[in-house]
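Going by TrEMBL, these are the annotated features:
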type	residues	note
ACT_SITE	B:LYS207	active site, proton donor
BINDING	B:LYS107	NADPH binding site
BINDING	B:GLU192	L-homoserine binding site
DOMAIN	B:351-427	domain 'ACT'
Protein chains: 2
Amino acid sequence: MTKPLRIGVAGLGTVGVGVVKILAARREFLAAAAGRSIDIVAVSARNKAKARGIDIGSARWEDDALKLATADDIDVVVELIGGAEGVARALVETALANGKHVVTANKALIAHHGIALAKLAENKGVALNYEAAVAGGIPIIKALREGLAANEIESVTGILNGTCNYILTEMETTGRDFADVLKDAQALGYAEADPSFDVGGIDAAHKLAILASLAFGREVDFGSVNIEGIEKITAADIKFAKEFGYKIKLLAIATKSDGGVEQRVHPALVAEGSPLAAVSGVFNAVAVRGDRVGLLVLEGRGAGEGPTASAVLSDLVDIARGLVMPPFIVPTSHLKAPAKAAEGGPESAYYLRFNAVDRAGSMAEITRALANASVSIERIVQRGDEGDTGRKPVVFVTHKTQESSMRQALAHLLKLVDVAGTPLVIRIEDGESR
Amino acid sequence: MTKPLRIGVAGLGTVGVGVVKILAARREFLAAAAGRSIDIVAVSARNKAKARGIDIGSARWEDDALKLATADDIDVVVELIGGAEGVARALVETALANGKHVVTANKALIAHHGIALAKLAENKGVALNYEAAVAGGIPIIKALREGLAANEIESVTGILNGTCNYILTEMETTGRDFADVLKDAQALGYAEADPSFDVGGIDAAHKLAILASLAFGREVDFGSVNIEGIEKITAADIKFAKEFGYKIKLLAIATKSDGGVEQRVHPALVAEGSPLAAVSGVFNAVAVRGDRVGLLVLEGRGAGEGPTASAVLSDLVDIARGLVMPPFIVPTSHLKAPAKAAEGGPESAYYLRFNAVDRAGSMAEITRALANASVSIERIVQRGDEGDTGRKPVVFVTHKTQESSMRQALAHLLKLVDVAGTPLVIRIEDGESR
């Protein structure tokens, strides 16, 4: 058996603790699988005194995480600190520059600096592995970097944020409203005290930008992701959607179109019976369409100690086995520059909900506004049993239409005195039907 | 860039043709991804004259596939001939013994001789890759060998035969009977002229035995798989199942239990809304439960030129990138000997259907027979509108019960004069609910 793979772990939060536990519990098996033992020689975290329920054995403690990046006795730095800047970034940059392999679970870092870091890694001939950064325990990075390498990818569609999916599922099963369910999710530890990264769609967008780069052979382009969160979804929307045969999911979608890539994160109505509609609770899923493989759907837990640590270990075993590949499938010199697809995207049906004054003629004005924007209506639902202000919720489902038409329709609607507030517009997606 | 990876392809059927096409179409991308070009230097197939719509360029033709295994200018033999014995086996054995990497799509070969071949590969330090042997384009071998290496696997449940899944889905959507749909499937090329390997469950069992070995760290043990096909499923069964909230699927299940592994392939009632119930048509799916990752479900196309060739290419890219790992995750010396779990398996609810003479007292006798075997009944359906012989179909759904009790109940039923023919017994499984 060859020399041990010596690792330094920076960050001992949920994931770091999970990594330490698995390396202890599965020590012999992992050594047999990897052909060499994987040894933790140093760890670093902010608070040495904190009780974590783990035994770091003979590993040394470093107060300064950056020391892991320069230590002579470390082959791999495992970065589990998080954040696109600060210590995490400095640690990864220094480690790579010093010829150390890096394993990270840091989606923000890869989404913002992935290509620059990949160049550093390539220069030194070391690995930059980030399986845990996207969709936790689902081996989607491995699937794209290795399993599907023979395919031209046509699209990637994911449910990439477990917090949002948990909240939407809870809203659906309990009929409660967003704010209410969010509070519970925070109490249960499923949502952060500041939930904006999750419910605002940024976390999913980080992950999508990484997947899109891998799928389409272009540099990561987080800045071009169109992002919309789930904050405006009400229990009523979920009820209406159900009535129409849909679930509401926060989807992250990347597609190749004329000369560019379209990346968007937004709530969508997804047809019941489709693979993505069925993904409930904290589960994540990714559907990939490749020219050879067709549709491939992977579903699993997107967060938590076990799933995320499992992904980190997979990256470590790869390195121990001697696998060093370009971080974005091909060398960065082969990646095309980012190119944002023309606005608008493909035609889509839409769900449109707003409150309207309930008087004779108001519906005629509203439907005329839609018709003037060439938006044709498949279904109208008006509920008389809600609201007590003379304003009643009106819901439209449109036929397939251009996004530009929908935008024009919205502008028309906003001018009508009978329409109260800003209408909610949600795309209807097919949920990657088989 | 390092030296090209030189491959010899044996077998130019659907998959072989797909491999040749992809290597031509994606030549530059694959070279960038793999760090070296992947060149076909020789091919072999039974009939040189056959029109295949491919251009093998400067690759030489070998009438004798075995020549690929000894040629000095070949690094990897790609075996796409098929069959557990004969040329395929000789070719793979000889290639490995000569220190050549092997990529194969041959499930029968791996199910019967995988461990012996892995030993050969280990002795020579070469790769034996077989992603295409199980579930076509779904990267399940990669997931188990690499992505989930940190997990103790608890169970693997799959829909592993596209022919069966297509037939059952067609029976469900059209209401037609097995023999009828099978004939159509054969005409469409979804089923072989001799369909027994598929519909009899053997093909799924080959794949299951491979997955079980990877999941549980034991030598492949095809002989211990309990196998039952879908031949006895009628359109009526599918209709009854639907009425009760289930779909009928051919499941392949491997679980770890006291001191052994239980492997079984059989039709099962799977609860609607569960991940496996949703898998329709020619799609395959595999659900893995790991102690760290929890439930992971992979779904995709299990056969066909594109998906299977995509898997073969993934294996080739791994080799080109320098990845050589133990074929069954750990070296064969670390694998435990096969151990079949005690018969019976876990408690399960059952679906039970037979024809009974419709006379006063017959139902009392039947239910007494079940009670005497300690089988308790959740639901009985008796249809008066079928059959014209005085015999009517009776369907029972039982509460959870031991397999031994069900067997005893069956024995009792067979003794009753009112029961015609052999009752059909189908397990009810939860379909890997989230």
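Each residue's number is its place along the chain shown, starting with 1.
Here the Cβ of each residue, glycine as well, is placed from N, Cα and C on the backbone.
Curation does not apply to TrEMBL; its annotations are automatic.
Within 10 Å of the Cβ of B:LYS207 (active site, proton donor) there are 26 other Cβ atoms, across all protein chains.
Other Cβ atoms within 10 Å of the Cβ of B:LYS107 (NADPH binding site) number 27 in total over all chains. Per-residue pLDDT, averaged along the domain 'ACT' (B:351-427), amounts to 89 for this model. B:GLU192 (L-homoserine binding site) sits 16 Å from the residue listed as 'NADPH binding site', counting Cα to Cα. Rounded to the nearest whole angstrom, the C-alpha distance between B:LYS207 (active site, proton donor) and B:LYS107 (NADPH binding site) is 6. Secondary structure at B:GLU192 (L-homoserine binding site), taken from DSSP and collapsed to helix, strand or coil, is coil. Neighbour density for the residue listed as 'L-homoserine binding site': within 10 A of its CB lie 14 other CB atoms from the protein chains shown. B:LYS107 (NADPH binding site) carries a helical DSSP state (H, G or I).
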